[in-house]
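J.: Pulled these from Swiss-Prot:
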- 1-47: domain 'Gla' (DOMAIN)
- PRO9: 4-hydroxyproline (MOD_RES)
- GLU17: Ca(2+) 1 binding site (BINDING)
- GLU17: 4-carboxyglutamate (MOD_RES)
- GLU21, GLU24: Ca(2+) 2 binding site (BINDING)
- GLU21: 4-carboxyglutamate (MOD_RES)
- CYS23-CYS29: disulfide bond (DISULFID)
- GLU24, ASP30: Ca(2+) 3 binding site (BINDING)
- GLU24: 4-carboxyglutamate (MOD_RES)
Amino acid sequence: YLYQWLGAPAPYPDPLEPKREVCELNPDCDELADHIGFQEAYRRFYGPV
């Protein structure tokens, strides 16, 4: 028997997570993301988010 109402709700999946992972696997994109943010770094390397 599970006490589902006691746990935190499941977080909604992040639609940008697959793109974030692509950027993290590219050392240059990952480094740039640390400075200017993931979305801008991804845009510079791969185009529109």
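The backbone N, Cα and C atoms fix where each Cβ goes, glycine too.
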J.: Return the average pLDDT for the domain 'Gla' (1-47) as a whole number.
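T.: For the domain 'Gla' (1-47), the model's average pLDDT rounds to 87.
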J.: Looking only at CYS23, CYS29, which of these disulfide-bonded residues has the biggest number of Cβ atoms within 10 Å around its Cβ?
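T.: Max Cβ neighbours within 10 Å, all protein chains included: CYS23.
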J.: Measuring Cα to Cα, how far is GLU17 (Ca(2+) 1 binding site) from CYS23 (disulfide bond) in Å?
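T.: Cα of GLU17 (Ca(2+) 1 binding site) to Cα of CYS23 (disulfide bond) measures 10 Å after rounding.
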J.: Would you count the other C-beta atoms found within 10 angstroms of the C-beta of GLU24 (Ca(2+) 2 binding site) for me?
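T.: GLU24 (Ca(2+) 2 binding site): 12 neighbouring Cβ atoms within 10 Å.
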J.: Most Cβ neighbours within 10 Å: which of the binding-site residues GLU17, GLU21, ASP30 is it?
T.: ASP30
